[in-house]
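A short worksheet on the structure shown next.
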Amino acid sequence: MEELGLATAKVTVTKEASHHREADLYQKMKSLESKLDFFNIQEEYIKYEYKNLKRELLHAQEEVKRIRSVPLLIGQLLEMVDSNTGIVQSTSGSTLCVRILSTIDRELLKPSASVALQRHSNALVDTLPPESDSSIHLLGADEKPSESYSDIGGGDIQKQEMREAVELPLTHHNLYKQIGIDPPRGVLLYGPPGTGKTMLAKAVAHHTSAAFIRVVGSEFVQKYLGEGPRLVRDVFRLARENSPAIIFIDEIDAIATKRFDAQTGADREVQRILMELLNQMDGFDVSVNVKVIMATNRQDTLDPALLRPGRLDRKIEFPLPDRRQKRLIFQVITSKMNLSDEVDLEDYVSRPDKLSGAEIQSICQEAGMHAIRKNRYVILPKDFEKGYKASIKKNTHEFNFYN
(Lines of atoms letter the chains of each structure in order from A and count residues from 1; the text may use other names and numbers.)
(Lines give C-alpha, C1' and ligand atoms only; values in the text may rest on other atoms or scores of the structure.)
Protein backbone atom coordinates (compact mmCIF):
# COMPACT_ATOMS: atom_id res chain seq x y z
CA MET A 1 0.00 0.00 0.00
CA GLU A 2 2.78 2.38 0.86
CA GLU A 3 4.41 1.77 -2.52
CA LEU A 4 1.13 2.52 -4.30
CA GLY A 5 0.77 5.82 -2.43
CA LEU A 6 4.28 6.87 -3.34
CA ALA A 7 3.65 6.13 -7.00
CA THR A 8 0.42 8.14 -6.92
CA ALA A 9 2.22 11.10 -5.33
CA LYS A 10 4.93 11.02 -7.98
CA VAL A 11 2.34 11.06 -10.75
CA THR A 12 0.61 14.03 -9.12
CA VAL A 13 3.87 15.98 -8.82
CA THR A 14 4.73 15.23 -12.44
CA LYS A 15 1.34 16.51 -13.64
CA GLU A 16 1.69 19.71 -11.64
CA ALA A 17 5.19 20.34 -13.05
CA SER A 18 3.96 19.76 -16.58
CA HIS A 19 1.08 22.17 -15.96
CA HIS A 20 3.44 24.86 -14.70
CA ARG A 21 5.68 24.45 -17.75
CA GLU A 22 2.72 24.82 -20.08
CA ALA A 23 1.66 27.94 -18.23
CA ASP A 24 5.14 29.42 -18.53
CA LEU A 25 5.33 28.64 -22.22
CA TYR A 26 1.91 30.19 -22.74
CA GLN A 27 3.00 33.36 -20.93
CA LYS A 28 6.16 33.54 -23.03
CA MET A 29 4.13 33.06 -26.21
CA LYS A 30 1.73 35.85 -25.21
CA SER A 31 4.68 38.11 -24.40
CA LEU A 32 6.32 37.41 -27.75
CA GLU A 33 3.00 37.98 -29.54
CA SER A 34 2.60 41.35 -27.85
CA LYS A 35 6.18 42.28 -28.78
CA LEU A 36 5.53 41.18 -32.37
CA ASP A 37 2.41 43.35 -32.49
CA PHE A 38 4.45 46.26 -31.12
CA PHE A 39 7.15 45.72 -33.73
CA ASN A 40 4.53 45.51 -36.47
CA ILE A 41 3.08 48.82 -35.32
CA GLN A 42 6.58 50.33 -35.25
CA GLU A 43 7.26 48.97 -38.72
CA GLU A 44 4.10 50.54 -40.07
CA TYR A 45 5.00 53.84 -38.40
CA ILE A 46 8.54 53.74 -39.82
CA LYS A 47 7.19 52.98 -43.29
CA TYR A 48 4.80 55.90 -42.99
CA GLU A 49 7.60 58.20 -41.81
CA TYR A 50 9.86 56.93 -44.61
CA LYS A 51 7.23 57.79 -47.20
CA ASN A 52 6.81 61.25 -45.70
CA LEU A 53 10.58 61.86 -45.59
CA LYS A 54 11.01 60.57 -49.13
CA ARG A 55 8.24 62.91 -50.28
CA GLU A 56 9.93 65.81 -48.50
CA LEU A 57 13.31 64.85 -49.99
CA LEU A 58 11.89 64.80 -53.51
CA HIS A 59 10.24 68.14 -52.85
CA ALA A 60 13.55 69.57 -51.55
CA GLN A 61 15.45 68.18 -54.55
CA GLU A 62 12.94 69.73 -56.92
CA GLU A 63 13.29 73.03 -55.08
CA VAL A 64 17.11 72.89 -55.31
CA LYS A 65 16.84 71.97 -58.98
CA ARG A 66 14.51 74.92 -59.54
CA ILE A 67 16.89 77.26 -57.72
CA ARG A 68 19.84 75.99 -59.78
CA SER A 69 17.99 76.13 -63.08
CA VAL A 70 19.69 78.13 -65.79
CA PRO A 71 20.23 80.91 -66.58
CA LEU A 72 22.43 81.65 -63.58
CA LEU A 73 24.75 84.54 -62.92
CA ILE A 74 28.50 83.97 -62.75
CA GLY A 75 30.44 85.48 -59.88
CA GLN A 76 33.61 85.20 -57.87
CA LEU A 77 33.74 84.45 -54.15
CA LEU A 78 35.73 87.11 -52.32
CA GLU A 79 35.47 85.85 -48.73
CA MET A 80 33.30 83.86 -46.34
CA VAL A 81 31.42 85.77 -43.62
CA ASP A 82 30.23 82.58 -41.89
CA SER A 83 29.19 79.10 -42.95
CA ASN A 84 25.94 80.36 -44.49
CA THR A 85 26.93 83.78 -45.83
CA GLY A 86 29.62 85.02 -48.20
CA ILE A 87 30.73 88.09 -50.14
CA VAL A 88 30.80 87.68 -53.92
CA GLN A 89 31.50 89.85 -56.94
CA SER A 90 29.21 89.35 -59.91
CA THR A 91 30.21 89.78 -63.54
CA SER A 92 28.41 93.13 -63.54
CA GLY A 93 31.03 94.40 -61.10
CA SER A 94 28.71 94.55 -58.06
CA THR A 95 29.94 93.30 -54.68
CA LEU A 96 27.19 91.49 -52.75
CA CYS A 97 26.72 89.74 -49.41
CA VAL A 98 24.65 86.65 -50.23
CA ARG A 99 23.23 83.50 -48.66
CA ILE A 100 24.88 80.16 -49.47
CA LEU A 101 22.87 77.06 -50.35
CA SER A 102 23.16 74.51 -47.53
CA THR A 103 23.90 71.61 -49.91
CA ILE A 104 27.14 73.14 -51.23
CA ASP A 105 30.38 71.56 -50.02
CA ARG A 106 32.06 74.24 -47.91
CA GLU A 107 35.50 72.83 -48.77
CA LEU A 108 35.02 74.10 -52.34
CA LEU A 109 34.29 77.65 -51.22
CA LYS A 110 37.75 79.17 -51.40
CA PRO A 111 38.58 82.83 -52.11
CA SER A 112 38.59 83.56 -55.88
CA ALA A 113 36.46 80.45 -56.55
CA SER A 114 34.04 80.73 -59.47
CA VAL A 115 30.44 80.43 -58.29
CA ALA A 116 26.92 80.49 -59.73
CA LEU A 117 24.37 82.97 -58.36
CA GLN A 118 20.58 82.69 -58.47
CA ARG A 119 19.36 85.31 -60.92
CA HIS A 120 16.60 86.74 -58.67
CA SER A 121 17.95 86.54 -55.12
CA ASN A 122 21.70 86.42 -56.01
CA ALA A 123 22.02 83.50 -53.59
CA LEU A 124 25.12 81.34 -54.07
CA VAL A 125 23.69 78.09 -55.42
CA ASP A 126 26.63 76.22 -56.98
CA THR A 127 30.39 76.14 -57.45
CA LEU A 128 31.98 76.06 -60.89
CA PRO A 129 35.22 74.55 -62.17
CA PRO A 130 37.98 77.18 -62.12
CA GLU A 131 38.23 77.29 -65.91
CA SER A 132 34.49 77.29 -66.64
CA ASP A 133 34.13 81.07 -66.86
CA SER A 134 37.11 81.74 -69.09
CA SER A 135 38.21 81.03 -72.63
CA ILE A 136 41.05 78.77 -71.51
CA HIS A 137 40.86 75.44 -73.29
CA LEU A 138 43.03 72.47 -72.46
CA LEU A 139 43.67 70.15 -75.38
CA GLY A 140 43.91 66.53 -74.30
CA ALA A 141 45.72 63.70 -76.04
CA ASP A 142 42.81 63.09 -78.43
CA GLU A 143 42.51 66.79 -79.31
CA LYS A 144 46.12 67.47 -80.14
CA PRO A 145 46.97 69.45 -83.29
CA SER A 146 47.47 67.21 -86.30
CA GLU A 147 50.49 69.11 -87.66
CA SER A 148 53.82 67.30 -87.53
CA TYR A 149 57.39 68.30 -88.32
CA SER A 150 57.09 66.76 -91.77
CA ASP A 151 54.26 69.18 -92.59
CA ILE A 152 56.63 72.12 -92.17
CA GLY A 153 58.85 72.75 -95.15
CA GLY A 154 62.36 73.89 -94.27
CA GLY A 155 63.09 75.49 -90.91
CA ASP A 156 65.55 72.76 -89.88
CA ILE A 157 67.42 75.05 -87.48
CA GLN A 158 64.19 76.28 -85.90
CA LYS A 159 62.91 72.71 -85.51
CA GLN A 160 66.14 71.62 -83.83
CA GLU A 161 66.19 74.54 -81.41
CA MET A 162 62.53 74.02 -80.55
CA ARG A 163 63.01 70.32 -79.89
CA GLU A 164 65.97 71.03 -77.62
CA ALA A 165 64.13 73.70 -75.65
CA VAL A 166 60.64 72.17 -75.37
CA GLU A 167 60.33 68.58 -76.54
CA LEU A 168 63.47 67.05 -75.00
CA PRO A 169 62.88 68.47 -71.47
CA LEU A 170 59.40 66.94 -71.52
CA THR A 171 60.37 63.55 -72.94
CA HIS A 172 63.91 63.12 -71.53
CA HIS A 173 64.01 65.26 -68.40
CA ASN A 174 66.67 63.08 -66.75
CA LEU A 175 69.11 63.92 -69.52
CA TYR A 176 69.37 67.50 -68.27
CA LYS A 177 69.78 66.30 -64.68
CA GLN A 178 72.69 64.07 -65.65
CA ILE A 179 74.42 66.93 -67.44
CA GLY A 180 73.73 69.23 -64.49
CA ILE A 181 71.83 72.05 -66.21
CA ASP A 182 68.28 73.34 -66.06
CA PRO A 183 66.25 73.14 -69.28
CA PRO A 184 64.94 76.39 -70.76
CA ARG A 185 61.77 77.60 -69.07
CA GLY A 186 60.40 79.61 -71.96
CA VAL A 187 60.85 80.07 -75.70
CA LEU A 188 60.14 83.15 -77.80
CA LEU A 189 59.33 82.67 -81.48
CA TYR A 190 59.67 85.87 -83.48
CA GLY A 191 59.71 86.83 -87.12
CA PRO A 192 57.53 88.20 -89.93
CA PRO A 193 53.93 86.97 -90.26
CA GLY A 194 53.39 83.66 -92.01
CA THR A 195 56.81 82.14 -91.34
CA GLY A 196 55.52 79.09 -89.42
CA LYS A 197 55.77 80.12 -85.75
CA THR A 198 52.32 78.89 -84.75
CA MET A 199 52.61 75.79 -86.92
CA LEU A 200 55.87 74.75 -85.26
CA ALA A 201 54.33 75.19 -81.80
CA LYS A 202 51.47 72.89 -82.87
CA ALA A 203 53.97 70.35 -84.21
CA VAL A 204 55.78 70.26 -80.85
CA ALA A 205 52.47 69.62 -79.09
CA HIS A 206 51.70 66.85 -81.58
CA HIS A 207 54.99 65.04 -80.91
CA THR A 208 54.74 65.10 -77.09
CA SER A 209 52.27 63.60 -74.64
CA ALA A 210 52.00 66.92 -72.80
CA ALA A 211 48.75 68.80 -72.41
CA PHE A 212 48.50 71.82 -74.72
CA ILE A 213 47.02 75.17 -73.73
CA ARG A 214 46.76 77.80 -76.45
CA VAL A 215 45.71 81.37 -75.74
CA VAL A 216 46.04 84.64 -77.63
CA GLY A 217 47.53 87.59 -75.81
CA SER A 218 44.46 89.75 -76.41
CA GLU A 219 42.28 87.23 -74.53
CA PHE A 220 43.87 88.35 -71.26
CA VAL A 221 42.55 91.90 -71.73
CA GLN A 222 39.12 91.76 -70.10
CA LYS A 223 36.41 94.31 -69.43
CA TYR A 224 36.58 94.34 -65.64
CA LEU A 225 39.47 95.24 -63.40
CA GLY A 226 41.48 92.25 -62.19
CA GLU A 227 40.01 89.74 -64.66
CA GLY A 228 43.12 89.73 -66.86
CA PRO A 229 45.62 88.86 -64.08
CA ARG A 230 43.21 86.22 -62.81
CA LEU A 231 43.12 84.62 -66.27
CA VAL A 232 46.92 84.52 -66.29
CA ARG A 233 46.89 82.74 -62.92
CA ASP A 234 44.24 80.31 -64.20
CA VAL A 235 46.33 79.42 -67.26
CA PHE A 236 49.43 78.60 -65.21
CA ARG A 237 47.42 76.81 -62.51
CA LEU A 238 45.71 74.65 -65.16
CA ALA A 239 49.10 73.83 -66.68
CA ARG A 240 50.59 72.83 -63.32
CA GLU A 241 47.58 70.63 -62.52
CA ASN A 242 47.94 68.82 -65.87
CA SER A 243 51.73 68.71 -66.14
CA PRO A 244 53.58 67.91 -68.28
CA ALA A 245 52.04 70.76 -70.23
CA ILE A 246 52.83 73.35 -72.89
CA ILE A 247 51.46 76.89 -72.69
CA PHE A 248 51.42 78.62 -76.08
CA ILE A 249 50.68 82.36 -75.97
CA ASP A 250 50.29 83.76 -79.47
CA GLU A 251 50.59 87.48 -80.22
CA ILE A 252 52.28 88.12 -76.87
CA ASP A 253 52.94 91.74 -77.88
CA ALA A 254 49.28 92.48 -77.08
CA ILE A 255 50.10 92.45 -73.33
CA ALA A 256 53.90 92.53 -73.10
CA THR A 257 54.95 95.81 -74.67
CA LYS A 258 57.52 97.99 -72.96
CA ARG A 259 56.11 99.62 -69.84
CA PHE A 260 55.62 103.36 -69.68
CA ASP A 261 53.92 105.94 -67.49
CA ALA A 262 50.33 104.89 -68.20
CA GLN A 263 47.74 107.65 -68.28
CA THR A 264 44.58 105.57 -68.68
CA GLY A 265 43.05 102.75 -66.68
CA ALA A 266 43.20 100.42 -69.68
CA ASP A 267 46.96 100.86 -70.03
CA ARG A 268 47.48 100.30 -66.30
CA GLU A 269 45.42 97.10 -66.47
CA VAL A 270 47.54 95.78 -69.36
CA GLN A 271 50.67 96.49 -67.33
CA ARG A 272 49.18 94.63 -64.36
CA ILE A 273 48.60 91.65 -66.67
CA LEU A 274 52.25 91.78 -67.73
CA MET A 275 53.42 91.93 -64.11
CA GLU A 276 51.28 88.92 -63.24
CA LEU A 277 52.76 87.05 -66.22
CA LEU A 278 56.29 87.89 -65.06
CA ASN A 279 55.41 86.78 -61.54
CA GLN A 280 53.97 83.46 -62.72
CA MET A 281 57.06 82.72 -64.84
CA ASP A 282 59.34 83.54 -61.91
CA GLY A 283 57.35 81.21 -59.66
CA PHE A 284 57.91 78.25 -61.93
CA ASP A 285 59.43 75.14 -60.44
CA VAL A 286 61.68 73.56 -63.06
CA SER A 287 60.63 70.09 -61.92
CA VAL A 288 56.96 70.80 -62.72
CA ASN A 289 57.52 70.15 -66.45
CA VAL A 290 55.56 73.11 -67.81
CA LYS A 291 56.97 74.90 -70.84
CA VAL A 292 55.97 78.33 -72.11
CA ILE A 293 56.09 79.21 -75.82
CA MET A 294 55.38 82.78 -76.93
CA ALA A 295 55.08 84.07 -80.47
CA THR A 296 55.16 87.60 -81.83
CA ASN A 297 55.75 89.59 -85.00
CA ARG A 298 57.10 92.60 -83.09
CA GLN A 299 59.87 91.45 -80.81
CA ASP A 300 61.35 94.96 -80.68
CA THR A 301 58.34 96.22 -78.70
CA LEU A 302 58.50 93.58 -75.94
CA ASP A 303 59.37 94.52 -72.37
CA PRO A 304 63.02 93.74 -71.48
CA ALA A 305 61.95 92.11 -68.21
CA LEU A 306 60.17 89.40 -70.18
CA LEU A 307 63.13 88.79 -72.49
CA ARG A 308 65.75 88.26 -69.80
CA PRO A 309 67.26 84.78 -69.24
CA GLY A 310 65.33 82.83 -66.65
CA ARG A 311 62.01 83.69 -68.25
CA LEU A 312 62.50 83.35 -71.99
CA ASP A 313 65.79 81.46 -72.14
CA ARG A 314 65.70 80.76 -75.85
CA LYS A 315 64.73 83.11 -78.65
CA ILE A 316 64.18 81.53 -82.06
CA GLU A 317 64.06 83.73 -85.15
CA PHE A 318 61.84 82.81 -88.10
CA PRO A 319 63.16 84.81 -91.08
CA LEU A 320 61.63 84.83 -94.53
CA PRO A 321 62.72 81.65 -96.33
CA ASP A 322 65.72 81.70 -98.64
CA ARG A 323 65.82 79.91 -101.96
CA ARG A 324 66.44 76.47 -100.46
CA GLN A 325 63.72 76.93 -97.85
CA LYS A 326 61.23 78.10 -100.48
CA ARG A 327 61.95 74.98 -102.52
CA LEU A 328 61.27 72.75 -99.52
CA ILE A 329 58.05 74.60 -98.68
CA PHE A 330 56.80 74.31 -102.25
CA GLN A 331 57.59 70.58 -102.23
CA VAL A 332 55.74 69.95 -98.95
CA ILE A 333 52.65 71.92 -99.99
CA THR A 334 52.42 70.48 -103.52
CA SER A 335 53.11 66.89 -102.45
CA LYS A 336 49.37 66.24 -102.15
CA MET A 337 48.36 68.30 -105.19
CA ASN A 338 47.63 66.93 -108.65
CA LEU A 339 50.18 68.89 -110.69
CA SER A 340 50.77 68.70 -114.42
CA ASP A 341 54.21 67.52 -115.52
CA GLU A 342 54.64 70.91 -117.17
CA VAL A 343 54.60 72.75 -113.83
CA ASP A 344 58.14 73.90 -113.00
CA LEU A 345 58.29 74.83 -109.31
CA GLU A 346 61.91 75.91 -109.69
CA ASP A 347 60.71 78.86 -111.77
CA TYR A 348 58.79 80.23 -108.78
CA VAL A 349 61.55 79.34 -106.32
CA SER A 350 64.13 81.31 -108.30
CA ARG A 351 62.07 84.50 -108.48
CA PRO A 352 63.49 87.33 -106.35
CA ASP A 353 60.26 88.15 -104.51
CA LYS A 354 60.47 87.57 -100.77
CA LEU A 355 57.74 85.11 -99.85
CA SER A 356 56.66 83.75 -96.50
CA GLY A 357 55.44 80.21 -95.99
CA ALA A 358 51.85 81.47 -95.74
CA GLU A 359 52.19 83.30 -99.06
CA ILE A 360 53.53 80.15 -100.73
CA GLN A 361 50.56 78.25 -99.32
CA SER A 362 48.28 80.95 -100.72
CA ILE A 363 49.91 80.70 -104.17
CA CYS A 364 49.31 76.94 -104.29
CA GLN A 365 45.77 77.33 -103.00
CA GLU A 366 44.93 79.99 -105.57
CA ALA A 367 46.38 77.78 -108.32
CA GLY A 368 44.15 74.93 -107.22
CA MET A 369 41.11 77.21 -107.03
CA HIS A 370 41.78 78.47 -110.55
CA ALA A 371 41.92 74.89 -111.85
CA ILE A 372 38.60 74.13 -110.14
CA ARG A 373 37.12 77.26 -111.68
CA LYS A 374 38.09 75.95 -115.11
CA ASN A 375 36.60 72.52 -114.34
CA ARG A 376 39.95 70.78 -114.42
CA TYR A 377 41.38 68.10 -112.13
CA VAL A 378 44.99 68.90 -113.02
CA ILE A 379 46.82 72.10 -112.10
CA LEU A 380 48.59 73.66 -115.09
CA PRO A 381 51.46 76.20 -115.18
CA LYS A 382 49.04 79.01 -116.04
CA ASP A 383 47.09 78.21 -112.87
CA PHE A 384 50.25 78.67 -110.84
CA GLU A 385 51.01 81.92 -112.65
CA LYS A 386 47.55 83.21 -111.86
CA GLY A 387 47.92 82.14 -108.24
CA TYR A 388 51.34 83.75 -107.97
CA LYS A 389 50.17 87.11 -109.29
CA ALA A 390 47.00 87.04 -107.20
CA SER A 391 48.80 86.24 -103.97
CA ILE A 392 51.64 88.73 -104.13
CA LYS A 393 49.40 91.36 -105.81
CA LYS A 394 52.01 92.29 -108.39
CA ASN A 395 49.55 93.14 -111.14
CA THR A 396 46.23 94.32 -109.81
CA HIS A 397 44.82 94.77 -113.32
CA GLU A 398 44.89 90.98 -113.72
CA PHE A 399 42.86 90.43 -110.55
CA ASN A 400 39.93 89.13 -112.59
CA PHE A 401 39.19 85.56 -111.58
CA TYR A 402 36.84 84.61 -114.39
CA ASN A 403 38.98 85.32 -117.47
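Note that Cβ sites are derived from N, Cα and C of the backbone, with glycine treated the same way.
Under the heading ATP binding site, Swiss-Prot lists Gly191, Pro192, Pro193, Gly194, Thr195, Gly196, Lys197, Thr198. Classification of Gly194 (ATP binding site) by DSSP places it in coil, neither helical nor stranded.
Annotation source Swiss-Prot lists N-acetylmethionine at Met1.
Looking at Gly191, Pro192, Pro193, Gly196, the binding-site residues in this record, the fewest other C-beta atoms within 10 angstroms of the C-beta turn up around Pro193. Local packing around the Cβ, expressed as the count of other Cβ atoms within 10 angstroms, is greatest for Thr195 among the binding-site residues Thr195, Thr198. Cβ-based crowding with a 10 Å cutoff singles out Lys197 as the top-ranked of the binding-site residues Gly194, Lys197.
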